[in-house]
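One structure below.
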Amino acid sequence: MTTTTTAATVVGIDLGTLTTKITLSSTHDFEIVRNAHGGHTTPTAVTFAGPTRPRLLGEDAADISRGDENTVWMMDRLLTGNNCCDTTDDDDDGQKIMMMQDFCRFQFDNHTNSVYIPNMDTTYDTTALLAMLLGRVKRNVLATIQRRTGKNDNNADNEELEFVFAVPSNYPQVTRQAVMDAAYAVKVNKSRVVDGARCFAAVYQRKFYDGQDVDDVVVSNNNSNDSSNDDGDEQKKTNKQKKTVLVVEMGHSRSCVSILQCGGVGGGNKEEEAASQNQNDIPSSNNNVQVLSSVSSATLGAAMIDMALFHHFQSNHPSLSHTTTTFLTPKSRPAQRLMEGCRKLKHILSMLPEGNVTVETIGKNDTDVSLSGNRELLKQLCQESVANKLKSMIAAAVDEAGGIDVLGDIGSVEITGGGTRIPMIQDAVRQAIGKGKTLFYLKVWMILTAEHEARRAQLLEEEMAMMERDVQMVRKDEIRNQIESHILELRSARHSTHGSLLPSSDEFASYLDGNDDWLFSDECENATVEEMEEKWTQIQGKTQEFCADYLAATQADAERKEKELEDEAKRAAAEQDAEAGDGEAEDHDTRRLPFKRRMEIVLKNKTEANELFSGKNYQHAAARYAKALSHCNKFFDLSPDQQNEVNEVKLSLYLNLAFAYIKLEKLDNAFLQCNEALKCDATSVKALYRRATVLYQKRKFDEASKDLDEAEKLAPDDKALKKLRVLVEKQMTKQKAKEKAMAKKMFG
C-alpha cells in the first residue's frame with residue numbers, strides 16, 4: 001500500500017539585526033508574511049512586561065529606541081559564536097568597530113551568552129530569546145496560510161513547516177546550529193541555514209530563467225579554475241556564453257558581496273558540493289547559475305553611518321558640545337534619541353541631497369536640537385570606513401572568483417539591503433566595477449527548501465512553558481477586564497431607566513467596593529487563572545442574587561429594542577429600495593428620518609459597538625462608535641429636550657470611543673475624543689478621568705494632575721480618581737528625583 005505524506009510548507013526567513021523578513025515558498029506564490037499589525041517585516045525584539053504579564057514579541061515589543069533594559073533586540077548578533085562584542089574586522093587592521101550593541105540598554109553577558117531581565121529577575125540564554133521571536137514568526141506564518149487557504153483550523157499548530165534561514169557565508173557553524181535549535185524549540189522540526197549568496201543565485205534563477213524550477217538552481221562553489229580543457233579557443237567560446245553578475249547586499253550591520261555566473265557549460269566541484277551538503281547548504285543539480293565567490297563582513301553596514309553621524313553631532317553640534325560624558329553615553333535616554341535622529345537623517349539623505357531632523361529635549365536646558373546635514377557630510381564621515389571598505393570587499397570577491405581577466409566584464413549588478421539605497425554606497429559600487437553600470441535592486445524574499453532535524457528537548461520544554469504562561473497571563477487580563485467592566489456597569493446603572501430596581505443597601509455598596517478593591521490587590525495580582533475564573537463566577541452569581549429584578553428588566557428591554565431595531569432595519573431597507581428606483585442606491589444615509597427612528601439607529605450602532613468592545617474587538621468597536629456619532633449629526637429641527645438627549649448620547653459615545661482608542665494605544669486619538677466629550681459636558685467626571693488617564697500614559701503627569709484636580713472637586717470620594725492620583729503622584733515624585741539627580745551630576 002502506498003502512503004502519501006503532505007510536504008511541509010517552506011518558510012524563508014531573513015533574520016536581520018533590526019527586523020526579520022519572512023516569505024512563503026512557491027506553493028503559496030512567495031507570499032510575504034505580514035505581522036499582526038499588517039507590516040511587511042517583524043521587529044527582531046522581545047519585551048518582558050513583568051512576572052504577571054505576557055511577553056511582548058516582535059511587532060508588539062517596545063520600540064528599540066525607547067525600550068529599557070527589559071527589551072532585547074538584535075538576537076542574531078547575540079547568539080553563541082556570533083557575538084558582536086568580540087567582532088573585529090581584519091580589513092580594518094584589526095581595529096574593533098563600535099557596534100550597535102553599545103547602544104543596547106539590556107544587560108548582556110558576553111561570557112555566558114545570556115541576558116538578564118530585571119522585570120523577571122531571570123537570565124535567558126540567547127538561543128531561548130531567539131526561540132521566543134520565532135514563536136511569533138510561526139504564528140504570523142500560520143495566520144497567513146489560513147488567510148490564503150480560507151481555512152479556520154483550530155489545529156493550525158499541527159501544520160508542518162520548514163524554516164529556511166538566509167545567513168552570511170561567514171556565519172559560524174555553532175551559530176547556525178543555535179538558529180536551528182531555536183526553531184526546534186517552537187515545534188518546527190525541519191529547519192535549514194543556508195548562505196545568502198546561494199539565495200541570491202536562487203532569486204536570479206527565478207528572475208531571469210523562466211521555465212526552470214527554482215529548486216534546480218546550481219549553487220556549487222566554483223572557486224578554482226577548471227583547467228581540464230586545454231583548448232583556449234573553446235574556453236573563450238564558453239566564456240562568451242556566460243554572464244557574470246555582481247550582487248551587493250548591505251544591511252544594518254552586515255554586508256555581503258557575491259559573484260554569480262549564469263549560463264555556460266560545465267559543473268562545479270563535486271567534492272565541494274558534497275561538503276556543502278554536509279553543512280546544510282543547498283545541493284547542486286545543474287549549471288544555470290553558479291556562485292563563484294562570496295565575501296562577507298560581520299561589521300560593515302548602514303549602522304556605521306548612524307554611528308558616524310552620532311559622534312559627529314556629539315562632538316561638533318553647538319547645542320551638544322556642553323554635555324558631559326555621562327549625559328550622552330550610548331545607553332542613556334538622550335543618546336538613544338540622538339541616535340534615532342541620526343538614523344532618520346540618514347534616511348532623508350538617501351532620498352534628498354540635504355536634510356534636517358529635530359530631536360527633542362537633548363540640548364541645553366532640555367531644548368530641542370536640530371540636526372542638519374548633506375550627502376557631502378556623509379562622504380566626509382564615511383568614505384574611508386564604509387565606502388572604501390565596500391570597494392575592497394568587491395575587489396576581494398572578484399579576485400576570489402578568478403579575477404577580471406577570467407570573469408570578463410561584469411554583465412549586471414544587483415543590489416539589496418537597506419544600506420544600498422544610500423547614494424554614497426551606490427557610487428562606491430559603480431566605482432569598484434566601472435562607471436556606467438545600471439544598478440538593479442534585487443528583492444531577496446525567496447529561499448530554497450532544506451531539511452534538518454535534531455532533538456533539543458530542554459529548549460523546547462522551556463519555550464512551551466513560556467508560551468503556556470503567556471496564554472495564562474492573557475486569560476487573566478481578560479477576566480480582570482470582565483470583572484472591572486461588570487462593576488463599572490453596575491455603578492453607572494444607578495442612573496439608568498431601571499436603576500431604581502437596584503438594591504440601595506449598604507451591603508450592595510460594600511459588595512461593589514470590595515470587588516473594586518480586590519482588582520487592585522496583591523491577591524488578584526498573584527491569583528491563578530483558575531482562581532480568577534472562580535472569582536468571576538462568584539461575582540456573577542452574587543450579582544444575580546442582588547440584582548435579579550434589574551437584570552430581568554434590562555434583558556427584557558434589550559430583547560424589545562432588538563426587535564424594534566430589526567423592524568426598523570427592514571423599513572429602512574424598503575424605503576431605500578423605493579428611493580433608488582433607478583437601480584442606483586445611495587452610498588450614504590441622507591434620509592430626513594424622524595427623531596425616534598434616527599435615535600434608534602444611533603443606539604443600535606452603540607449597542608453593536610459595546611458588544612464588539614466586550615469581545616476585545618477594539619478596532620471595529622471604535623469604527624462602530626464613530627458611525628453612531630456620524631448619525632448624531634443627522635438630526636434636524638430638535639427641541640431643547642431632544643437636543644439634551646442627543647448631547648447625552650454623544651457624551652457617552654465620545655467617552656466609549658476614547659476608551660477604545662486607549663485600548664488600541666492610540667493615545668492622541670483618545671485625547672481628542674476626551675476633549676469632544678468635555679465640550680458636551682465640561683463637568684463630566686468620567687471625561688476628566690479618562691483624559692487624565694491618557695495624559696498619564698503619555699507621561700504628561702502635570703497635565704494629568706490638573707484634570708484630576710478638576711474631577712476631584714466634582715467627585716471627591718471617587719475611588720478610581722484616588723487610585724489614579726496615587727499613580728500620577730508616584731511618577732511625579734520619581735521624575736523630580738531623576739531631575740534632581742541629573743542636576744547633581746551635571747552641576748555638582
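Quick reminder: no glycine exception, Cβ is built from N, Cα and C everywhere.
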Coiled coil according to TrEMBL, located in which of 394-421, 450-477, 618-645: 450-477
Residue counts (helix, strand, coil, in that order) that DSSP gives for the repeat 'TPR' (685-718): 27 helix, 0 strand, 7 coil
For the repeat 'TPR' (685-718), mean pLDDT (0 to 100): 90
